[in-house]
Amino acid sequence: MNSARPFAYSGKDSILCCDGVQLDRLAKKFGTPLYVYSAEQIAGRLKLFQESFAEIPHLICYAVKANSALAILKLLDAQGAGFDIVSGGELERVLAVNRAAAARVVFSGVGKTAAEMDAALRAGILLFNVESEGELELLAERASKQRKRARVSLRVNPDVFAETHPYISTGLREHKFGIDIRRARRVYREAAKAKYLDARGVSVHIGSQIRSAEPFGAAAERVAGLIRDLRRDGHTIEFLDAGGGLGIEYHLSLSGDDASGAHSFDPKEKVTQYAAAVKKAVEGVSDVTLLLEPGRFLVAQAGALVTRVLYVKKNGEKVFVIADAAMNDLIRPALYQAHHEIVPVTRTKSKKRVVADFVGPVCESGDFFARDREMPALKSGDLAVILDAGAYGMPLSSNYNSRPRPAEVLIERGRARLIRRRETMQDLLAPETL
Ligand SMILES: *Cc1c(COP(=O)(O)O)cnc(C)c1O
């Protein structure tokens, strides 16, 4: 499965389907707003990554925060993926899927607590990606308390610029992430003194939604250079963790609908270019296992948010399409000014198009999915689909405005399976007292 998306129109009524399953049926059965994901697309993306690095020792550690649904973690685990986690909660999710997967877990994040370290040590994770000297000190203390050796990789900040949204750029010295690469050798020397720390790797992650391969190559090259230095210093470095961050194309119309043809996206070509840049950078380091932490690339295009139009209203010249999904369900447009393609579930013969704001019911002006967007005319009761919502959608959702979170459905071999039921008001009220 190498197409950009699993969503396509089919049948004489031209109904939008996910891997052949009609989305109007799913909306009827499970209600809206509804997240729908393709298992085949996610597994296919993982396979693309695995094949692109097949000739060198590697482990693809899926970044759990992109979409932490248990069913998605389970399908990736079954295909041999490892996991990149950023909290004790994400560790719990991985362990709930498969306790043995702990051996394939790398733990990133700038603010690990003692309790999170203890849990990860108990579970026996592969590697702690340590992001500060303070964290290294605390980890040494926790590991010695448990008399368990902690395998450590320092996340270095390579000071590489990558073109992306400032909120998801992480590889510059001014960002909170990692340890300045110029200080790294000194920190490894400190780490080597701790009895229960094993410095085994170097890691890097320069940001998210990065579309060119070049900055990944530049960052990996700096890390490779550091590994050579560290080995000369006497450290046993086995792992080079090149992080995640490979982007997708959000400005991609559904095939057949594309009038301009301005944007294209070939996932296989993207991974191949990315892999070539990373592999070239690590050519000069022998006996190293490459770790990669893709998140968005594996799941973004596999998922969509199905929503029903509540009202269409006009304020002066402006048209507002008010849907039952809102920023609490998918915050990317509000948070990052992110673009999502929006398409109707039923493709009509009518060529009528309007320029409209596609918004949710939440009481915030930031609650929009598209502004001044030309789109097919929709009316109250119509279903629409917000595409490419598989990554950083549901995991960033909230109950703002006391809105229960959407249900999630996974399409597997042409069948839809509810993998998370819609929240109820009881779920929301449960932790509170009067
Ligand atoms: C968020 C994150 C990733 C995944 O980023 P994507 O852009 O989703 O691929 C990988 N590694 C670390 C350390 C991260 O914080």
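Placement of Cβ uses the backbone N, Cα and C atoms for every residue, glycine included.
Annotations in TrEMBL come from automatic prediction, not curation.
Summary of the site annotation: TrEMBL records substrate binding at Arg332, Tyr336, Glu364, Tyr392. Screening the candidates Arg296, Arg421, Arg422 against this entry identifies Arg296 as the one listed for that site. TrEMBL names Glu293, Pro294, Gly295, Arg296, Tyr392 for binding pyridoxal 5'-phosphate. Of Gly234, Gly245, Gly360, the residue it gives for the same site is Gly245. A 10 Å radius around the C-alpha of Arg296 (pyridoxal 5'-phosphate binding site) takes in none of the recorded positions listed as Arg332, Tyr336, Cys363, Glu364. Between the listed binding-site residues, namely Glu293, Glu364, the fewest other CB atoms within 10 angstroms of a CB are found at Glu364. Comparing the binding-site residues Gly245, Pro294, Gly295 on other C-beta atoms within 10 angstroms of each C-beta gives the minimum for Gly295.
In the shown protein chains, 21 other C-beta atoms lie within 10 A of the C-beta of Lys65 (N6-(pyridoxal phosphate)lysine). Sequence-distant neighbours of Tyr336 (substrate binding site): residues of the same chain at least 6 apart with a C-beta under 8 Å from its C-beta are His165, Tyr167, Ile168.
If you compare every pair of Cα atoms in Gly245, Glu293, Pro294, Gly295, Arg296, Tyr392, the residues listed for pyridoxal 5'-phosphate, the longest distance is 15 angstrom. In the three-state DSSP scheme, Gly245 (pyridoxal 5'-phosphate binding site) is classed as coil.
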